[in-house]
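Everything on this sheet refers to the single structure shown next.
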């Protein structure tokens, strides 16, 4: 594709004559994230005993079932996913992922949201994450190992794929174009780009400043390269580094 500056962009384009994937495109973009939220609503992880931060067994099942369900949906509609987004990525995904992790962690530690909402008298409105410490919740080494395997699989694989599919694969294109599934990512207009940042803020209210910066950064990556899998790679790298940071420095509130 040729940009306004007259430069050739390496964005993914849909070959001529390829028909829209239709409902399969919608399914692969929407259902993985739906599985994430539906399972979270159905499985009660509230503590059963005094002194517990969470119900360990229920939480483990929630994480495992999310990984299995989200993976199953993506694999079921893998052909539609390949039609929309051939597996293409480059070094920019890695670079943005590392930078994104540094920015997310640094901004979160500033606690700007608490200060802002505190000034407005609404400090209690901000939600808290589960903050699960696996070494406390799962004292058995074997159980803790499998929890960490499933938790990092969810954090660094399933969530990046599902969220990028929903946001950049569907929402940001659908608000701009009727034939959204055949629209290259670098053709998304201002409305779609703004929606990308607003989505991040709305879904991460306790980290709204970090979310605004991070989602805008990945949107810049999307516009620059036009490659969907660069966005997934950046998301995965950020989440992986965040998870390692959380475990290494016991920053469970970021978990």
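Numbering starts at 1 and runs along the chain as it is shown here.
Glycine residues also receive a Cβ, built from the backbone N, Cα and C atoms like all the rest.
As recorded in TrEMBL:
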type: DOMAIN; residues: 148-241; note: domain 'CAAX prenyl protease 2/Lysostaphin resistance protein A-like'
type: TRANSMEM; residues: 27-43; note: transmembrane segment
type: TRANSMEM; residues: 58-80; note: transmembrane segment
type: TRANSMEM; residues: 92-112; note: transmembrane segment
type: TRANSMEM; residues: 192-215; note: transmembrane segment
type: TRANSMEM; residues: 227-249; note: transmembrane segment
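Among residues of the same chain six or more beyond the transmembrane segment (27-43), those with a C-beta under 8 A of the stretch's C-beta atoms are 58, 61-62, 65-66, 69-70, 73-74, 76-78, 80-81, 84, 158-159, 161-163, 165-166, 169-170. Model confidence over the domain 'CAAX prenyl protease 2/Lysostaphin resistance protein A-like' (148-241) stands at 96, taken as the mean pLDDT rounded to a whole number.
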